[in-house]
Amino acid sequence: MLMAMESRRHLLDTDGLSREEIQELLDRAKYWKQQGKQKHALGAGRFAANLFYEPSTRTRVSFEVAEKRLGMETIQFNPDTSSGVKGETLQDTMKTLASIGVEIAVVRHAGVGVLAELAREDLGLSLVNAGEGNGGHPTQALLDLFTMQEHFGEVAGLRVAIIGDIHHSRVARSNVWALKTMGAEVVLSGPASMRDAQLEQHAPYVPVDEAVRQTDVVMMLRVQLERHRETIFTSADDYLRAYGLTGKRESMMQPHAIIMHPGPVNRGVEMEDRFVEHPRSLIFEQMANGVWIRMAVLERSLEKE
Amino acid sequence: MLMAMESRRHLLDTDGLSREEIQELLDRAKYWKQQGKQKHALGAGRFAANLFYEPSTRTRVSFEVAEKRLGMETIQFNPDTSSGVKGETLQDTMKTLASIGVEIAVVRHAGVGVLAELAREDLGLSLVNAGEGNGGHPTQALLDLFTMQEHFGEVAGLRVAIIGDIHHSRVARSNVWALKTMGAEVVLSGPASMRDAQLEQHAPYVPVDEAVRQTDVVMMLRVQLERHRETIFTSADDYLRAYGLTGKRESMMQPHAIIMHPGPVNRGVEMEDRFVEHPRSLIFEQMANGVWIRMAVLERSLEKE
Amino acid sequence: MLMAMESRRHLLDTDGLSREEIQELLDRAKYWKQQGKQKHALGAGRFAANLFYEPSTRTRVSFEVAEKRLGMETIQFNPDTSSGVKGETLQDTMKTLASIGVEIAVVRHAGVGVLAELAREDLGLSLVNAGEGNGGHPTQALLDLFTMQEHFGEVAGLRVAIIGDIHHSRVARSNVWALKTMGAEVVLSGPASMRDAQLEQHAPYVPVDEAVRQTDVVMMLRVQLERHRETIFTSADDYLRAYGLTGKRESMMQPHAIIMHPGPVNRGVEMEDRFVEHPRSLIFEQMANGVWIRMAVLERSLEKE
């Protein structure tokens with residue numbers, strides 16, 4: 001007597017989206033941005049639950065703001081005080097939430113493939129990936145593309161460098177899929193120990209100076225210092241000099257080229273402190289645009305009533 | 001200069017409710033369900049606080065959805081970051097919340113009798129029991145009755161088996177009071193070590209096979225494996241074979257009989273995995289109905305303005 | 001490409017407020033109180049974030065109720081599950097929230113001077129101090145003044161005793177600045193070991209009996225038993241006898257004098273249990289008034305659109 005199977009509008013990762021679907025999301029984000037800071041009626045009386053099994057500020061708050069701007073009701077789900085501690089599976093938690101009336105579950109989880117696994121069965125709600133281990137972070141990639149499109153007019157034809165810990169980066173992965181789909185060129189760079197053989201089948205690896213010099217967009221990735229500091233490089237300064245955005249590298253950038261970063265920035269590691277608020281930096285625009293993209297993503301996942 | 005004494009509409013347990021009161025709650029739940037997934041004006045501008053001192057998913061979220069569907073504002077009270085850590089008593093916390101404008105406190109607590117103790121004094125707000133130790137869980141019982149009534153037409157005359165850890169179950173206790181009040185027959189079953197002498201004054205204990213064979217409703221209780229596994233039975237399989245819903249027992253059930261469980265189910269312990277989503281199972285209907293029953297309970301506790 | 005510098009309406013502490021500004025806040029609080037328990041349109045579609053880095057019940061809930069009564073959307077920011085655990089600075093957290101659309105950040109923090117430090121740079125949002133270490137707690141002082149004004153007609157000319165752990169009290173500090181600005185007389189009292197040389201430049205220290213006898217308002221401060229019990233006095237009883245409000249001291253109070261306390265009260269320590277709900281006590285009025293004052297403070301911080 002479970003609810004009948006229906007097709008759901010999940011957002012698992014960018015590699016599942018066609019060029020038309022991505023363009024539709026970018027267009028809808030533009031629409032929502034043009035509407036400004038008002039509360040809409042689209043989601044009135046409809047519930048989203050935010051399940052963050054890993055720490056987050058910008059993504060969690062951004063989704064919550066997006067949900068509320070759409071007029072949705074939001075449920076903040078705290079894994080530490082839920083029935084997960086009684087051994088309930090994630091799958092049963094989803095079915096429970098769906099039965100109670102939740103239509104969209106926004107999930108951040110450490111386990112790569114957890115969402116794809118969940119999506120195999122009809123859970124009664126739509127899943128939105130808010131960052132999954134080293135796997136994917138599709139709304140981050142979409143907001144990055146939206147920010148590029150807004151700045152340059154279109155994404156097709158742009159040359160984008162993604163620099164840093166490529167191997168462990170869900171942001172890199174989702175951006176490569178989305179950027180290639182939209183017709184951008186991507187190069188990867190960073191420490192040799194952080195290269196990713198699989199991704200390099202889609203985007204070539206080049207030295208940092210070359211990456212910075214040849215591209216329209218210099219996207220620096222967050223280094224998880226806590227993991228790598230001791231083993232790979234001896235200090236933040238060493239990382240900055242070898243792979244970060246120093247004054248010298250910024251001066252190599254093309255005059256029109258921009259700086260991006262998914263945040264939070266380790267100031268003085270991925271880039272010199274001053275570049276975070278630099279005229280070339282679109283880091284705060286990225287954060288602001290995250291709300292409009294997430295409104296578009298949520299809108300797509302809301303079932304027709 | 002404290003607020004004047006007024007009568008409050010607490011919901012402490014089902015044993016304090018008359019047949020008329022229970023029927024009124026079931027009728028109001030039906031009304032709210034018929035209204036569907038909209039946001040109502042009844043609770044506009046009025047505040048409920050949810051204080052969960054023990055883990056919960058379905059009950060906590062269900063109350064939050066119910067509050068928001070009624071149009072109420074909700075306060076999520078996190079015991080770990082409250083003044084409770086400064087030594088404030090629960091009674092003073094309630095008076096504080098009432099002074100700030102909270103009209104209903106939904107409380108889950110480990111301590112049996114805590115709510116009754118609180119209710120002795122006028123706190124300035126209405127208390128709703130959302131599960132109290134091994135004591136009572138009235139909204140669970142009410143949603144169970146609502147689900148039975150919806151399925152069978154009426155609760156009076158139904159034969160209901162409650163099977164499992166009777167002694168430690170607040171669900172069993174609240175269901176026995178409510179079912180008996182409404183004119184249903186109840187039998188109890190489960191491991192001898194989990195029998196409850198007091199409850200058996202109201203509902204006889206019978207062997208599991210007999211309980212399954214003779215009743216219209218087979219309600220399996222959650223086994224708290226973490227407590228009992230080592231001491232009482234050596235494995236989940238053993239429990240399933242001895243007291244759970246196996247295929248053999250399901251085939252003994254009357255053709256029209258249904259399966260219920262308050263959740264979360266330990267799949268493969270209280271019942272074979274396949275019975276959770278089985279045509280006989282109303283487990284997800286129970287969860288869905290929880291929202292409508294809680295709307296009825298909250299409506300009852302909202303003071304006239 | 002960061003947002004242009006604009007003047008923000010922070011509330012850092014009462015020592016930054018003129019007599020006119022305090023009076024305006026008291027007047028607006030009175031206005032909101034007269035409006036009663038409805039939801040207003042002023043804050044519709046606008047976001048406040050509540051960042052509590054220290055435990056709180058009454059202040060946190062009071063702000064949340066105030067935000068929602070103004071029609072604002074609220075973000076509950078949990079430091080334990082935010083990017084702070086990834087090493088993000090408070091300043092970058094603020095800029096992130098502002099980029100996402102948050103207009104007001106209500107902050108409780110242990111570090112004295114943290115908010116003033118944050119306010120040196122334009123963060124893109126308004127800061128409201130919800131209690132800062134031993135530094136200041138301006139909305140508590142303002143609600144105290146509002147409660148006094150409501151009870152006595154005006155604050156100017158009142159004689160107020162603040163009794164207890166003066167040295168560690170942000171409540172004492174913010175009250176001294178606000179009360180002196182509004183023309184009240186203040187005396188301080190309490191254990192010699194808890195005196196504060198700097199504050200005594202603004203308000204004389206007197207023995208407890210004298211403080212109780214001569215004043216219109218007897219404001220007892222919370223003793224942080226967990227810090228002092230072992231070192232300074234040997235028991236709660238000892239503290240009550242030496243510095244608390246005993247029956248003997250209450251009988252020394254002027255007939256019209258009132259009892260106040262910021263809460264949570266250690267019943268039997270700062271005062272005998274019965275004085276919390278005593279006719280002289282305005283402790284619950286203080287809590288209730290906190291909502292109206294915070295609505296006034298939030299209204300002041302909402303930027304013109």
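Yeah, the Cβs are placed from backbone N, Cα and C, and that goes for glycine too.
Per TrEMBL, the feature domain 'Aspartate/ornithine carbamoyltransferase carbamoyl-P binding' maps to B:9-150.
B:R108 (carbamoyl phosphate binding site) falls within a strand when secondary structure is assigned with DSSP. The carbamoyl phosphate binding site annotation in TrEMBL covers B:R58, B:T59, B:R108, B:H137, B:Q140, B:G263, B:P264.
Around the Cβ of B:K86 (L-aspartate binding site), the same chain contributes no residue under 8 angstroms that is 6 or more positions distant in sequence. The L-aspartate binding site annotation in TrEMBL covers B:K86, B:R170, B:R222.
Across all of the domain 'Aspartate/ornithine carbamoyltransferase Asp/Orn-binding' (B:157-299), the predicted model scores a mean pLDDT of 94. What TrEMBL lists as domain 'Aspartate/ornithine carbamoyltransferase Asp/Orn-binding' is B:157-299.
Note: B:R58, B:P264, taken in sequence order from the binding-site residues B:R58, B:R108, B:H137, B:Q140, B:P264, have a C-beta within a distance under 8 Å of a chain A C-beta.
You'll find the Cα of B:R170 (L-aspartate binding site) roughly 13 Å from the Cα of B:G263 (carbamoyl phosphate binding site). For chain C, the nearby binding-site residues by a Cβ gap under 8 A, listed in sequence order, are B:K86, drawn from B:R58, B:K86, B:R108, B:Q140, B:R222, B:G263. Here the domain 'Aspartate/ornithine carbamoyltransferase Asp/Orn-binding' (B:157-299) has, by DSSP, the following mix of helix, strand and coil residues: 63 helix, 22 strand, 58 coil. Each residue of the domain 'Aspartate/ornithine carbamoyltransferase carbamoyl-P binding' (B:9-150) gets a DSSP state, and the totals for helix, strand and coil are 69 helix, 28 strand, 45 coil. Between the C-alpha atoms of B:R222 (L-aspartate binding site) and B:Q140 (carbamoyl phosphate binding site), the distance comes to 13 Å. Fewest Cβ neighbours within 10 Å among the binding-site residues B:R58, B:H137: this applies to B:R58. The Cβ of B:R170 (L-aspartate binding site) has 22 neighbouring Cβ atoms from other residues within 10 Å, across all protein chains displayed.
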